[in-house]
Amino acid sequence: MDNRRLLYSISISLVILVLFQVIASYVLPPPKKAPPHPATQTAQTQPVSGQPAPGVPAPSAVPPAAAPGGVAAKIPAGPRLAISTPLLRGSMSLVGARLDDLVLTRYHQTVKKTSPLVQLLSQAGTAKSYYVQFGWDAAPGSSLKVPGPDTVWTSSGGDLSPAHPVTLSWNNGAGVTFELKLAVDRQYLFTVQQRVINHGAAAVEVYPWSRIRRDFLPEEPGSFTLHKGPIGVFHGTLHEMGYEGVKSGGKHPAAGDAPGTAYQTTNLGGWAGITGKYWLTALIPSQGREVIGAYRYLADPGQPEHGGYQVDYMTAKPVDAAPGATASTTTHVFAGAKVLSILSHYETQYRIPLFERAIDFGWFFFLTKPIFIALDYLAGVFGNMGVAIIVFTIGLKLVLFPLVRTSYRSMARMRAITPKVQALRERYKDDQMQQQKEIMALYKAEGVNPAAGCLPMLPQIPIFFSLYKVIFISIGMRHAPFVLWIHDLSAEDPTNIFNLFGLLPFHPSALSPFLHLGILPIIMGITMWGQQRLNPPPPDPTQAKMMQFMPVIFTFMLGRFAAGLVLYYCVNNTLTILQQWTIMRGTNAAPRAAANLNAKG
């Protein structure tokens, strides 16, 4: 009767929840997403690096990206420099020297190979304005004319490619030439040398700067398990700040910082940029040069809730060019996919501190990174990330088997004495204290420790969490097929039992997110139920009844999880069943063998 009531309660709760989702979708208006909103001209008067150090000038204004009131400005017309590498394709605007058009040639927006390529950087004035820019500020009190946002640069000719560097130049008409010497490698790294050539009779002092500007939020915000937004290494320490944190900090800057500054510091080298789940755009200054780095939120004065996010660097000390001399600084720009081997290569080659940590390995990075490397290696060996997950899970279970064997043996012994425990509960059901005393005495007599089954499992928790993290963040999992109907291990199982696996022409998940249950989560639920059947029931009857529904609950919970993670649980549960069954057979065989020997004696 109690089981029936519990089942009724859970069923009614699920029905109410689903009905609420359905009714709410029709009655309540859906929340409106804030439109992508480039910052206005007024907002663009924000300096690059906020309040500078003593002797450092206030840098020039950020280039206009929109008209007042939030209406996107016309995309700046003018000449462009084409960019072509094995992994990148795009162009750079010669008006303002903005790197603002870049696609990743190996990654598509959807699993279909005919879908558009991933657009990493986009032009100012578009709905998803996202660009990198370089410039100079003159020293305080100087009348030196420096390039501005509308400056039209002259290219040395040809497209920018790994085999063909390009130089952009501009003469200020007063004897000073500014140059941007651009080079790009075969992967994702640009090298930008900012040169000032002084043909005049007086010395020149300038402050080179670089910035990344993003005027829209990602469709899926960051979460507890994944950071999105500004990221960098300052003073040898990784510093992450989410979009909301930058926005809040920019509205309330620290004393001495310019408006919009959420974080600012002066240090040697390091790196800073804006990261997503799979992609990164980062500025990497010379590691031996003192620079001012900052995260900013540049609000639209007309609509303070809208604005742009900026990461920038400026030299802390001026760069001097004597008459007839040339002064230069070099900055690297990473713009591409967060592939561990590529990040590691750049970290080593250019001595970039903690550059690998652009991948969000999380708290357990000392575990997550080795798992990440192992899965990537296995995927290369077997040619399939799904097979790599299966092989890795088998290997992990074998390595952990000595640790969990104690737990499985304890659970087997607990299951063997379950009838005796139930008998004691029935006998002393009116005397709880005596009941617990007798049960403890039984445990002692049988040599069973209820906690022994749990303690060996504790060290596994960080490992399993790290594996979940890797499956969630690995770019190797993105659009990686497995077999049959699984075409993307980073996405949920596309099948759904509620439309008879595609036979009915509608999408139940449109009514409620709970109405999505694919084949793989169902298999996972079955394996979880089988594993639960081998475990001894909890001593508390109420807890035991609740545990009966855990496979059903987890099946629905994992219905919207990445197929790669569900595949791991399926394999892990199946191997656990085999291990438990083998140990239980051995544990039960020992008493039977002893009984047979006694009978023969």
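Just so you know, glycine gets a Cβ as well, placed from its N, Cα and C.
As the structure is a computational prediction, the values presented were derived from the model and not from experiment.
According to Swiss-Prot, the compositional bias 'Low complexity' annotation covers 39-53.
If you look up Swiss-Prot, you'll see 54-63 marked as compositional bias 'Pro residues'.
Summarising the annotation, Swiss-Prot assigns region 'Disordered' to 34-63.
According to Swiss-Prot, the feature transmembrane segment maps to 10-30 (among others), an assignment based on sequence analysis.
Taken from Swiss-Prot, the feature transmembrane segment applies to 382-404 (among others), supported by sequence analysis.
The annotation transmembrane segment is assigned in Swiss-Prot to 455-475 (among others) on the grounds of sequence analysis.
The transmembrane segment annotation in Swiss-Prot covers 510-530 (among others) and is backed by sequence analysis.
What Swiss-Prot lists as transmembrane segment is 549-569 (among others), and the listing cites sequence analysis. Only residues 6 or more beyond the boundaries of the transmembrane segment (549-569), in the same chain, are considered here, and those with a CB under 8 A from a CB of the stretch are 6-7, 10, 385-386, 389-390, 393, 467-468, 471-472, 477, 480, 482, 486, 488-493, 513-514, 516-518, 520-522, 524-529, 532.
Outside the transmembrane segment (455-475), and at least 6 residues removed from its termini, the chain residues within Cβ reach (under 8 Å) are 225-226, 277-278, 337-339, 359-362, 364, 367-368, 371-372, 375-376, 389, 396, 400, 403-404, 406-407, 489-490, 562, 564-565, 568.
Outside the transmembrane segment (382-404), and at least 6 residues removed from its termini, the chain residues within Cβ reach (under 8 Å) are 371, 374-375, 456-457, 459-460, 463, 467, 471, 476-477, 480-483, 486, 489, 564, 567-568, 571-572, 575-576, 579. With a cut-off of 8 Å between Cβ atoms, the residues of this chain six or more beyond the transmembrane segment (510-530) that come close are 14, 17-18, 21-22, 25, 485-486, 492-498, 501, 550-552, 554-556, 558-561, 563, 566-567, 569-570, 573-574, 577.
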